[in-house]
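Notes to accompany the following structure.
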Amino acid sequence: MLNERKIAVIGFGSIGRTFVRLLTAKSHYIKKLAELRVVAVADSKGMVLKPSGFSDYELIKLCELPLSGLRSLPESLDLDIDLLYSEVQPDIHVELTPANYETGEPGLSNIVNAINNHAHVVTANKAPLALRFSELMDLARKNEVKIGFRSTVMGGTPLIDMLLSIRSYSVESIHGILNATTNFMLTEMHEKLIPMEEALRRAQAIGIAETDPRLDLDGWDSAAKIVILSNVVRREIKLQNVIREPLKVELSDIAECLRNNNVIKYVAALEPDGKAYVKPMKLSRRDPLAGVDGTLNAVRIGTTIGEITLVGKGGGRIETAHNVLDDVIGVML
Amino acid sequence: MIVVKVGGSVLKKPEDFLYTARRIREKWVELNEIPIIVVSAMKGVTDELISASLGSMELLESVEQRYMEVADELGSRKLADRVRNEINRVREALKKPCNGILRSYVVSLGERLSRIAMTQALEAEGVRAFEVDATDVIVTNSVPDDAIIEYNITARKLLELIDLSTRLKAAPVIEGFVGADLNGLVTTLGRGSSDYTATTIASILGTTAYLVTEVPGIMTADPAVVPSARPVEILSYEEAHEAACLGVKGMNPKAIEPLMMFNSSSVIIGTWDFWGTKITSRKVKGPKILCHKGSAISIVGHGVNSHEFALKLLRSLEKLSIKVASMEFNELKPLLKLSAKLEEETKEILARLYDKLFSEVS
């Protein structure tokens, strides 16, 4: 069939399942553009393959398994990406594994492998791009495939698209609130005067923060995002060169801010001199970033011809899933 | 397509899930009707979770045990694993007393677990079914524990869900009582509001909602007071709303609101074997419900708010030697309220008044 595309979904946690559910919900619309068939789904413990493609109902039922539960299915196999590629030859590789900022693995190897197998890549995993942005882009160009990554930064707002659409601008600086978890926590602390650990507990309980919140609180997530944005605007920086100050805010700091009409925000920035950092900053209430609360994200782009500010949703699971799907649609058209 | 809301009163024991699934299969699925199933928590679970949210952790163990028994009954390791995962997350949240959205997350656990269990029970009965997370479909304002559904956005999401359900030929199972605000933060709709979820879905889709419960319908009076009370056959939206505001058992005022707003659906209330009450846009004259609180007696029904009815009622009351202190009605509501001096036993007087009302006066 013309425009038939086979997809492999690698990583089947909350985002992976939301993406698959969305794919089934939108399959009617997508069919007008191309025939998409999910031929492989893999989680950390196993994988299931179906060369003819899983039906929408089969996909929905996979989403109802316990986390890391693919292995419980009788037809499942041990996770083996090489075997996956030899058995089902996907055209589009959707990488939704968790980020590992030390090695980039398993996402980095998965993406390299996919590109070398001439599959387009759509990733919501930031780590491989934060660590090897230009290498991966070069490899993709060489293999004539695309990498979609619009869900990696401000997933609920078309920031990456906007940046790619202003290529003639020279971007001098970027300042942003790029992490929804820490912004939610800081907003709770300011509004309810609760300690940071209590704000974290709330964020975890309602599914905003991960059980292991260190990637958010130590600034890795925001740092990775500022690296990706910088690379998109051709201001290449390395993740290891981003100065990270972990989020550590006491109630006394919040009280002081209230007295002085300031707010504390966890800001990620790229300065005109190339310095990049992530740190808690006291902002005046008049600062456009100061009023960005809860799970909202914002970014202020300083260019040679003016400033652009974008406020919108960060990457919750639904927004991320939508962006991943839009990237999939983008690469197959 | 129809909506079936399975209330907590019919989910008391582990075997009730399979029984419910079988009844759904027999009544609708075998007739090629795909129901949208709205589930409540098992009986008593929400109360236990509210206490747990205030620090009584042992009650969370009780909730876990009840749903693990359902998993045993279904022979489902998958359900057991998911119950354990959900309970562990809530246990983490309950390390300290909680409020706001966190409390909503905790007290809605029972509905989430019922959604998972009911889907698996339906599959065990050979019914194609799939889970729908209410936070993905029911969009509300941001009041964490008494939220109002935003109909416009919810309608768009519902239409997508129906499209999917039709294509999959599978019944969606969604938890009642739960929604999420525009930021995706979980909210609850207030106690007893799974009906609100069901009537909202039915109203938006212009279809019928079946509310399955342990009583045969909305009763004409409290059977504990009036032995001859029976289910009201037909109630209009307006009558149902007045009855709900008076606190009549089995009715939630919020659940009536979407019916009045969309004016497009019927609600049928009863047990699996007897559907006693239908709430519809049709207005049938006559007294429908008699209820009382102390010396205040209320009569609900179209036409009871007229001088003619009031005069007949006064004559009946006189014959019963009931002295009326005051009477109140207006033309906008199908309701008449009176305050009476009840010299004999209240129960007996009300029973006699009921007999008069539902025979002579009407």
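Even glycines carry a Cβ here, placed using N, Cα and C.
Features reported for this protein in TrEMBL:
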ACT_SITE  A:Lys225  active site, proton donor
BINDING   A:Gly11, A:Phe12, A:Gly13, A:Ser14, A:Ile15, A:Gly16  NADP(+) binding site
BINDING   A:Lys126  NADPH binding site
BINDING   A:Glu210  L-homoserine binding site
DOMAIN    A:11-148  domain 'Aspartate/homoserine dehydrogenase NAD-binding'
DOMAIN    A:159-329  domain 'Homoserine dehydrogenase catalytic'
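Known features from TrEMBL, placed on the structure.
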residue	record	DSSP class
A:Gly11	NADP(+) binding site	coil
A:Gly16	NADP(+) binding site	helix
A:Lys126	NADPH binding site	coil
A:Glu210	L-homoserine binding site	coil
A:Lys225	active site, proton donor	helix
| request: Provide the number of Cβ atoms within 10 Å of the Cβ of A:Gly13 (NADP(+) binding site), excluding the reference atom itself. | output: 16
| note | Ordered by sequence, the long-range same-chain Cβ contacts of A:Gly11 (NADP(+) binding site) under 8 Å (at least 6 apart) are A:Ala42, A:Asp43, A:Val94, A:Glu95, A:Leu96, A:Thr97, A:Pro98, A:Asn125
| said: For the NADP(+) site (A:Gly11, A:Phe12, A:Gly13, A:Ser14, A:Ile15, A:Gly16), what does the 8 A shell look like? I mean other same-chain residues with CB within 8 A of the CB centroid. | reply: A:Arg17, A:Thr18, A:Phe19, A:Asp43, A:Leu96
| task | Taking the Cβ of A:Glu210 (L-homoserine binding site) as the centre, count every other Cβ atom within 10 Å, in any protein chain shown. | result | 16
| message | Tell me which of the binding-site residues A:Ile15, A:Gly16, A:Lys126, A:Glu210 ends up closest to the residue listed as 'active site, proton donor' in space, Cα to Cα. | response | A:Lys126
| query | If you draw a 10 Å sphere on the Cβ of A:Gly16 (NADP(+) binding site), how many other Cβ atoms land inside? | reply | 26
| query | Roughly how many Å separate the Cα of A:Gly13 (NADP(+) binding site) from that of A:Glu210 (L-homoserine binding site), to the nearest whole number? | reply | 12
| query | What's the CA-CA gap between A:Ile15 (NADP(+) binding site) and A:Lys126 (NADPH binding site) in angstrom, rounded? | reply | 13
| note | Here the Cα-Cα span from A:Gly16 (NADP(+) binding site) to A:Lys126 (NADPH binding site), rounded to a whole number of angstrom, reaches 15
| request: Have a look at the binding-site residues A:Phe12, A:Ser14, A:Lys126 and say which one has the shortest Cα distance to the residue listed as 'L-homoserine binding site'. | output: A:Ser14
| request: Within 10 Å of the Cβ of A:Ser14 (NADP(+) binding site), how many other Cβ atoms can you find? Include all protein chains, please. | output: 16
